[in-house]
Amino acid sequence: MCKRALHYPQVETPPPQPFLKSLKNTLNEILFADDPFRKIRNESKTSKKIELVLRHVFPILEWARGYNLDYLKSDVISGITIASLAIPQGISYAQLANLPPILGLYSSFVPPMVYAIMGSSKDLAVGTVAVASLLTAAMLGKEVSAVENPKLYLHLAFTATFFAGLMQTCLGLLRLGFLVEILSHAAIIGFMAGAATVVCLQQLKGLLGLSHFTHSTDVVSVLRSIFSQSHMWRWESGILGCCFLFFLLTTKYISKKRPKLFWISAMAPLVSVIFGSLFVYFLHAQFHGIQIIGELKKGINPPSITHLVFTSPYVTLALKTGIITGVLALAEGIAVGRSFAMYKNYNIDGNKEMIAFGMMNIFGSFSSCYLTTGPFSRSAVNYNAGCKTAVSNVVMAVAVAVTLLFLTPLFFYTPLVVLSSIIIAAMLGLVDYEAAMHLWKLDKFDFFVCLSAFLGVVFGTIEIGLILSVGISVLRLLLFVGRPEIYVMGKIQNTEIFRNIDQYPQATTLSGLIILHIDGPIYFANSSYLRDRIGRWIDEEEEKLRKSEENSLQYIILDLSAVGNIDTSGISMLEEVNKILGRRDLKLVIANPGAELMKKLSKSKFIETIGKDWIHLTVAEAVSACDHMLQTAKPDSPEKISGVPEFNNV
């Protein structure tokens, strides 16, 4: 046994902690990694603590103290600008969800007011989104027809919104926001592109002036429905739609090339609605194949709390729809909020955002609104317009309220084909082919995840695409956990640094020992793999040494610097490896184990089994100690281990 002749310091085992204290620390690390209550905890005055709690729950109390007239000017301009986009988009997306168009305006009034009080993002503009609208229509429409039973369908939409808000609030209160992040970035890119493609195809109904259309969302069913009704295509509607679509795409191109002209693309949807309505009104186009919205009810949101459906069998449908659409809305809203927060160099609290989204959807479901979140297009306009705080959402809500009270009759002649053009123009921006190509160059597996999600949505259904997105993301996570990287390390010349020999070909391996680095925690999911992989490395190394007639292998050094934790299966694996190595006259040496690892290895008596002298602070120390033993003791000859079966066959 090595007697630490070189007098290296020993690896210390952390002092034991009571179970309850250890559990508390673990839960704090999982749920409160950002320590959000540190300011409250360190405050001694009760009144000050109450004030800090209120400011934490209602961020408006935080930024309102420094609000000034310059901020108000910027927020008013931003609010009016996004209102000009929110009004036509809201009407369009409500149509997409098979809901009355007026609900799109309702949903741009109450939820933004709630978010302005509870939200932590300065740039997020609240409203409905196309993907959640389409998903709502697809899921509710499977069991309840919006045409045959519009009242029940409407009430189920309110109920689904309530469940979505309840789920979002609970996730925020329980600090479980990490569950939403199970959708990888690649999966979201593919899913959103697929959903955008489906939405665009669905809008061909409006562009071609069709009255009857398939309820399926897959591309095959949609194209079959379109071409089977080719005799019913209305050329008037098609030409008008293409003209407005060209106008909208041109304004988006101009704004993209010249960011200071962002207001052009922001105002384009409202301009399209105005000119489309004037066109229909003066030319009586509604009598020539151009479908129109018709009458919109005047007045602000009526209460809908009594319309929520909690009876079987529809409550299950509403719950399922609410959870799925709520998760999607949450993922999109938080991602958008964080993106713009990064540009302005401030942070947003994901859990507080969840509570804000949840509360605005709960209150929305009580006031005739359906699911809302923070759409990228509207938030981008808000950001480019120079918004300073969430007051821009309040200004937008006021503008929508004025519209609801006085201006809704003006939308009577708005052609549906214009709404279809607005949706298509907005959706084309979600097909991010540049991001997909970047994934192809960077990580082929991520590209496969993206492509699978896209194809699942386009050729299956929205639900299939979502399941594929989550499933493949979880599979990727399991592969990372179940197959951690393990590689041989070598010494970089003229240094005491050891690195991966594949990354650094100039690094040299040392005679008589092999250094293996395990790059991840050791759990039940990967312990068998690691045992087999360690054995394979040892067998290959011994085979190489026998062929080259060099000294036989004596020491196996495991670098555990990247092993943050280990469970009982992992400890059993190490014990098994140590026994097998012992039968082959090989010695296991541990380098750089962390505190949690040392604590568990000590409790399991594994340290006593291999001896403290064989556990070292660094790889360099372990190599030096093994080299010292190789120099002072005659190495075993290859014949000593002849007849011993290979590692993986033991």
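Placed from the backbone N, Cα and C atoms, the Cβ positions cover glycine too.
Confidence for the domain 'STAS' (503-626), expressed as mean pLDDT, is 90. What TrEMBL lists as domain 'STAS' is 503-626.
Residues annotated as transmembrane segment in TrEMBL: 123-140 (among others).
What TrEMBL lists as transmembrane segment is 152-174 (among others).
Residues or ranges marked as transmembrane segment by TrEMBL: 186-204 (among others). For the transmembrane segment (186-204), same-chain residues at least 6 beyond its ends with a Cβ under 8 Å from one of its own Cβ atoms are 96, 130-131, 134-135, 210, 213, 217-219, 222-223, 226, 331-332, 335, 420-421, 423-424, 427-433, 435-436, 439, 443, 446-447, 449-458, 462, 465-466, 469-470, 472-473.
Beyond the transmembrane segment (232-249), the same-chain residues lying 6 or more positions past its ends with a Cβ under 8 Å from any Cβ of the stretch are 206-211, 265, 268-269, 272, 276, 279, 285, 288-291, 415, 417-418, 420-422, 424-425, 428. Per TrEMBL, transmembrane segment is recorded for 232-249 (among others).
Panel annotation: around the transmembrane segment (261-283), residues 81-82, 84-85, 87-89, 91, 240, 244, 247-248, 251-252, 254-255, 290, 292, 380-381, 384-385, 410-415, 417-418, 421-422, 425 of the same chain, lying at least six beyond its termini, place a Cβ under 8 Å from a Cβ of the stretch. The transmembrane segment feature in TrEMBL is assigned to 261-283 (among others).
Summarising the annotation, TrEMBL assigns transmembrane segment to 323-343 (among others).
Summarising the annotation, TrEMBL assigns transmembrane segment to 389-407 (among others).
Under the heading transmembrane segment, TrEMBL lists 412-431 (among others).
Per TrEMBL, the feature transmembrane segment maps to 451-479 (among others).
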When counting Cβ pairs under 8 Å to the transmembrane segment (123-140), the leader among 152-174, 323-343, 412-431, 451-479:
323-343
Please report, as numbers and ranges, the same-chain residues at least 6 past the borders of the transmembrane segment (412-431) whose CB is under 8 Å from any CB of it.
88-89, 91-93, 95-96, 130-131, 192-193, 195-197, 199-200, 203-207, 209, 237, 240-241, 244-245, 248-249, 252, 269, 272-273, 276-281, 285-286, 290-296, 376-377
Could you break down the residues of the domain 'STAS' (503-626) into DSSP helix, strand and coil, giving a count for each?
63 helix, 22 strand, 39 coil
Near the transmembrane segment (323-343), which residues from the same chain, at least 6 beyond its ends, have a CB less than 8 A from one of its CBs?
120-124, 129, 131-132, 135-136, 139, 160, 163-165, 167-168, 171, 177, 180-181, 183, 188, 192, 350, 353-354, 357, 361, 371-376, 379-380, 383, 463, 466
Within-chain partners of the transmembrane segment (152-174) [C-beta distance under 8 Å, separation at least 6 from its ends]:
31, 97-100, 103, 136, 139-141, 144-146, 180, 304, 307-310, 314-315, 317-319, 321-323, 325-327, 329-330, 351-366, 368-371
